[in-house]
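Novice: Dropping the structure in here first, questions after.
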Amino acid sequence: GGPWVTPRWGHVPTLACCGSAPSCRGPTPRTSSPRRCGSPPASGPRAEEPVLLAELKPGRPQQYDWKSSCETWSVAFSSDGAWFAWSQGHCLVKLIPWPLQETELCRASERKSHKAEAKRSRAGAKEKTLECGQIVWGLAFSAWPAARHPDGAAGLCCQVLATGLNDGQIKVWEVQTGHLLFSLLGHQDVVRDLSFAPNGSLILVSASRDRTLRVWDLSRDGRQVQVLTGHVQWVYCCSISPDCSMLCSAAGEKSALLWSMRSYTLIRKLEGHQSSVVSCDFSPDSALLVTASYDTCVIMWDPYTGEQLRTLRHVPLHSALEYRSDVHTSSLRSVCFSPEGLYLATVADDRLLRIWALELRSPVAFAPMTNGLCCMYFPHGGFIATGTRDGHVQFWTAPRVLSSLKHLCRKVLRTFLTTYQVLALPIPRKLKEFLTYRTF
């Protein structure tokens, strides 16, 4: 068949809700609630029932290499929400204009080859297939201002996509044309993850199994700026804070490292996990950091103080109503913040996508999925993309939240104030606890 498959629209599976959030309950109030799963306050976030919108499946390439991997190790949205990329296995990356449309997906399912002519979306953009020549592990988008473009092209900024490869290379592509701009050399092993500075400076950080992180400046022809050493095992992931002040990297030695993006020096080591740390993400205001581990736990940190704020434990679905803290059987693969900063999405080896409200210690919704590896929120909210071990991508609806005024105020303040600056303010203690996320 063709490279795309979609589910039967109108017959989509819903997520199983745990009943903890108000919208997860039916019109009749629950007479009791599970232990450790209290209802959120009236002003708290309300979760909708997410549904599976579409599932994309790669077809078999004409030049199929049985030695290549088929896993979707990474999915990514561009910051402007105009493009989606996924490593669909067999050394290929698919670039898709967003939003997806039912008619476009149905037409795409009729194609017989990855080399078919790219079609135009309703906005004029084209789907593209990038042949990377190696298994693709990491993906990251960045806007490229026209003034910095290597071809000196005039007009609005374009998008670039960085791909981390199995042989240690990083290839950077121009999204609109599919042309290769740079091949960055330096790593000696798999480039597992990539992260661009959100400020548009074209600073790229790469994390590798060679136990190093490398900093690249694409505005200077991809020059290597710094090599960060400190990990003693494979580095699985890296994430730059939205304010571009910090970098988090996580590795197999059960810890995460926080680095200064100004001096490229180590700030602190975050210890608390009992197994390899495989995913990390900052909140939109840079005030929180979450790390996910094979030990089945997500730990929420204050990156400024290194304090553990809470631990989210992943228990089997059949035990979800008991919320037993002594059950740890679901190794985590990925974690990400929602754009408004009120929810987390996690993917675990128990074949579940979970959505968590920050104010709760239990998930507000579950989605059944097979062999999940990664997840990412759409930058404007409303959708979650997940990648699987068999090369599929699934798109789920996510809770759309009208943030409370107090959360919006906290988000704005924490964008400019560190935890120490908040604690120094002449304000009541309870307000300090709220602004530093000690309470919700």
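Just so it is clear, glycine is given a Cβ too, placed from its N, Cα and C backbone atoms.
Whatever TrEMBL says is automated annotation, not expert-curated.
The region 'Disordered' annotation in TrEMBL covers 23-49. Annotation source TrEMBL lists compositional bias 'Low complexity' at 23-41. Summarising the annotation, TrEMBL assigns repeat 'WD' to 161-183, 184-219, 228-269, 270-311, 325-359. What TrEMBL lists as domain 'SOCS box' is 404-440.
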Novice: Please indicate, using numbers and ranges, the residues of the same chain that are 6 or more beyond the domain 'SOCS box' (404-440) and have a C-beta under 8 Å from a C-beta there.
Specialist: 43-44, 242-243, 284-288, 300, 302, 304-305, 309, 340-342, 358-359
Novice: Which sequence-distant residues neighbour the repeat 'WD' (228-269)? Criterion: at least 6 residues beyond either end, Cβ under 8 Å.
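Specialist: Cβ under 8 Å, 6 or more out: 192-199, 201, 203, 205-209, 211-215, 275-286, 289, 291, 293, 295, 303, 306, 415.
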Novice: Over the repeat 'WD' (270-311), what is the model's average pLDDT?
Specialist: 95
Novice: Summarise the repeat 'WD' (270-311) by DSSP state, stating how many residues are helix, strand and coil.
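Specialist: Tallied per class, the repeat 'WD' (270-311) gives 0 helix, 22 strand, 20 coil.
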Novice: Where DSSP helix means H, G or I and strand means E or B, what are the helix, strand and coil counts for the repeat 'WD' (184-219)?
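Specialist: Going through the repeat 'WD' (184-219) residue by residue, I get 2 helix, 19 strand, 15 coil.
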